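Taken straight from Swiss-Prot:
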ACT_SITE  R166  active site
ACT_SITE  S239  active site, proton donor
ACT_SITE  E335  active site
DOMAIN    19-189  domain 'FAD-binding PCMH-type'
Amino acid sequence: MSLQVQSAISLKPFNTFGVDVQARLFAEAHSDDDVREALAYSARHDVPLLVIGGGSNLLLSADVQSLVVRMASRGIRIVHEDCLESIVEAEAGEPWHPFVQSCLELGLAGLENLSLIPGTVGAAPMQNIGAYGVEIKDVFHSLTALDRETGELREFSLQDCAFGYRDSVFKHQVARWLILRVRFKLSRVARLHLEYGPVRQRLDEQGIDRPTPFDVSRAICAIRSEKLPDPAVLGNAGSFFKNPIIAAELYATIKQQHPGVVGYPQDDGQVKLAAGWLIEQAGWKGYRDGDAGVHKLQSLVLVNYGQASGLQLLSLARRIQTDIAERFGVELEMEPNLY
């Protein structure tokens with residue numbers, strides 16, 4: 001058995017909030033065989049299995065009475081290419097931002113707007129991660145997942161994944177599917193997405209009127225670094241709440257009472273609100289209770305100033321949710337998975 005299972009391991013290094021809880025059992029999976037061994041170990045010892053990647057989408061509220069398996073598989077390869085595009089396959093454990101940079105270095109465009117997002121390749125489709133006008137679904141080709149019920153491999157197409165806003169079939173069937181590797185369809189002819197104002201403004205300030213994908217990536221890295229705290233310095237999980245999508249009638253009511261509300265019309269007639277604006281308007285920006293707080297520059301980000309527990313962070317999140325619901329009639333949904 002190559003899988004090394006350890007007991008009573010702190011998960012503080014394995015979640016970007018830096019919450020110090022223990023895993024009853026812990027192992028790292030470097031291959032498909034390791035994953036299968038972990039499933040067999042879980043069944044043999046009747047212990048639940050929790051699979052994690054970079055730990056950037058977790059809020060751990062208590063010690064984890066499971067076998068925690070960290071996906072550590074690595075590998076990037078081009079599986080198909082022609083003069084216009086390439087299909088790039090990456091193992092689930094590949095860190096996301098270095099993968100984006102590797103693709104740019106290969107002359108492949110499409111992922112640049114998703115630069116500097118924490119986490120791993122395998123976790124990206126689960127959330128259908130997105131930023132600055134681009135989502136995973138826009139560059140997705142297919143993926144390979146292990147069916148935890150049967151032990152068989154299955155290929156998922158774009159349609160199979162049922163991608164939505166920060167959503168996918170894998171998020172709803174997390175106990176069944178374990179993503180092993182993901183393939184992306186990337187272009188050799190850049191089609192840049194510069195609709196997001198600050199990106200265009202940053203490029204203009206630098207005198208770049210014909211940007212390359214690398215230029216866009218660097219601009220987005222600079223913007224994210226200014227807006228969002230580095231988890232290595234200040235514990236956080238990035239954007240903590242989803243931007244809520246509400247009925248147009250509710251949006252009109254809110255806008256009448258709060259003319260400055262930020263809303264984005266959707267194709268189905270609903271309106272997406274900026275959750276950060278709601279939280280800031282409610283006075284939570286920069287709030288701190290012990291070591292749990294709301295970031296002073298970005299109200300969408302909850303932070304751990306050092307020793308906050310998962311329960312303290314969760315309590316703060318619940319208070320914010322209640323306040324926003326009472327003030328605006330809007331329900332905020334947490335992005336991180338709660339354990």
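Cβ atoms here come from the backbone N, Cα and C positions, even for glycine.
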Practice task
Give me the Cα-Cα distance between E335 (active site) and S239 (active site, proton donor), rounded to a whole Å.
Solution key: 7
Exercise for the section: To the nearest whole angstrom, state the Cα distance for the pair R166 (active site) and the residue listed as 'active site, proton donor'. Expected result: 11
Exercise for the section: With an 8 Å cut-off on Cβ-Cβ distance and a minimum sequence separation of at least 6, pull the same-chain contacts of the residue listed as 'active site, proton donor', or say none. Expected result: A275, G276, L300, V301, E335
Handout entry: Cβ neighbour count within 10 Å of E335 (active site)
Key = 19
Exercise for the section: Using a 10 Å cut-off, grab the number of neighbouring Cβ atoms around the Cβ of R166 (active site), all chains included. Expected result: 18
